[in-house]
Amino acid sequence: MGKKSVSFNRNNYKKRKNERTEPLPRRIFKNDKPSKFKSKRKEKDKNSDAYDEMLLNNNFTLLDQEEPMVEIGSKKSRNDNDSEGIRDKGGVEISNKNDPYIQFGKADPLEPLEKPDLPEEAIKRGEPTILLGIPKREGRKTNPVHDKAVENNSDFIKFDWNSDEDEDSVSNDKSKNNESLKKSSKNEIPGFMRQRGRFFHEANEKSDSNRKRKRQAYELDSQSCPWHRQYKVEREVSRIFHQDILHFIDYITPTPEEHAVRKTLVSRINQAVLQKWPDVSLYVFGSFETKLYLPTSDLDLVIISPEHHYRGTKKDMFVLAHHLKKLKLASEVQVITTANVPIIKFVDPLTKVHVDISFNQPGGLKTCLVVNGFMKKYPALRPLVIIIKHFLNMRALNEVFLGGLSSYAIVCLVVSFLQLHPRLSTGSMREEDNFGVLLLEFLELYGKQFYYDAVGIAVHNGGFYFSKKKMGWLKPNQPYLLSIQDPVDFQNDVSKSSRGLLRVKATFANGFDLLTSKLYALASRIEREGVNRVKDFPSILSTILSVDEGVRQHREHMLKCYKNNPVPLEPLVEVDALASIDVDKLPLQDVGLQYVEDESDSDETDAAKDDLFKVNESIETNGHENFQKQALTSTGEQSSSNSRANPSKLFNISSDDSEDEVPIIEDTTASDEESRAKKIRKRF
């Protein structure tokens, strides 16, 4: 085969020189021939560009530029050679000259168009093609149009008043109407009245579809709101709301079977831990101990090791995790050693319950006793806490690491709300009968009214608000964070890690708005329909709460676990029978306050004085006897008492810090000392 002769110019020389410098594989496999795919693609793009240009110009400018023109009302074109249609430069057929779309598209917009001959049925139906003046390409058999457009109501556009559920009935109605339209008689009803008559005639059929819709809505409500039951006849919506809350609490409370399965899991984990370390003790704390847990809540455990043999190092955590996994008690194991409280997180393969194990953290045990004491004092605490926990759990705001509120923080919020409620403190309202009102006011307080930037919450000593600035808990970059003083440890801020408090606040505010609008709607419905229809009203809590399929499946799984391994059922312990601590009656030493005694010149003490003070007797050089009083309070006690804010001045907190200065040592007489001790006792 002969070689192609190439002109030896400068450009070809540079091209050949560059090819020599390229790597050998690239020179071997290089193909100078154009790709078939690219060429086809270019042709396709070229053809589509002409069609797109025609669409953009609305068939006017493109046709003006072309020589073959189609005249209106004439069968001849200027280009007789191309009788089949108009083609562009690429040979693509744009359209046929006899195509009505070109005729009407090329027409003068000021010249009225002749109405094409279309079927009478299409005119009666009022199809859009008639209104546009463009017939269909594949039309039915054409008949001359009678000049009775107004009588037949040809310009009437009908709307579909039926729902998607009644598609079959709509198609049947269309066929019946088409048959009736074909019949022409002198007594035929005009089109306008026929359409209106059809609308009223289908009222009975629509009632059937409404029944279907109501039945489906009831089925949906029973699935998402399994707690809903018929209400008792009440005229006040607050009482109806109270019934709905009782129904929800009764449904969401764990059954004895579920509680027994969790207790069995605790015993199995306890045996495994003692098998590894016989000298430690395993305790349960958290919501399981206080009976405030939801069906999908975690199980909180703590391992307390003896002083002589400490357990809880990183190595011990990994050893225990491996041991539990080896015994098939743990799956999806996570050992978190970098947190403030190192824990082991895992899931029980049998019950699918999430478990958290911590080491040497006795504060959780004290917390359980304090929460039990609050539940004994405030009957509305348990239902409100359970509803708020489920409300935040649905929105992923109940986990601290996600920026939400912990269960303990929610308990403290509800306790503070009940402690400082004006009507509850005066006894003008009972908690047991007003769960709905209290829930609304809780959402309104912490969603719309509470001043997070300056106010902190304390629940010990009857509950009070304090200034975050005076306490030293105000963060300049995040002043909106919630501050809750731990009644067990006054130096601990329970909600300091809840970074997403703005989302929590907005969620509370939206919940209040939704419930308020729902209650107003129910009140107006009672006025319209009467009190007897109250029992059929939907759930009020369904506006903010629901139970998803995962919760129902988990509860069914727990019931299956109990049936496979039945154990003797124990009745749930009543709140009054729980071990508890009342922080209002407890000595301050037991809740984390440490008393520091200052050094004195004398060792003699007065044992008859109050427990909060200790008086050291000293004799000065002048011979007079004076008493030196030393206020034995910790920094936590000082900050909580001195920075105590008046609840009535919650939103107008003074920035003056002069009140924070309290004299620690002063000379006084014995009579003055007794009077000051009485004042201090009143404050606590």
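Don't overthink the numbers, they just go from 1 along the chain as shown.
Just so you know, glycine gets a Cβ as well, placed from its N, Cα and C.
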Of K345, K352, K377, K389, which does Swiss-Prot put in the ATP site with G364, S407, Y408, N492, K496?
K389
What is the separation, in Å, between the Cα atoms of S407 (ATP binding site) and D300 (Mg(2+) binding site)?
12
DSSP state at K389 (ATP binding site), helix/strand/coil:
helix
Record lists G364, K389, S407, Y408, N492, K496 as binding ATP; longest Cα-Cα distance in Å?
22
DSSP three-state assignment (helix, strand or coil) for D300 (Mg(2+) binding site):
strand
If one looks at the chain holding D300 (Mg(2+) binding site), which residues at least 6 apart in sequence have a CB under 8 angstroms from its CB?
V284, F285, G286, S287, F288, D356, S358, G364
Counting across all protein chains shown, how many other Cβ atoms sit within 10 Å of the Cβ of Y408 (ATP binding site)?
22
Might you list, by sequence position, any residue in that chain lying six or more from K496 (ATP binding site) with a Cβ less than 8 Å away from its Cβ?
W473, L481, S483
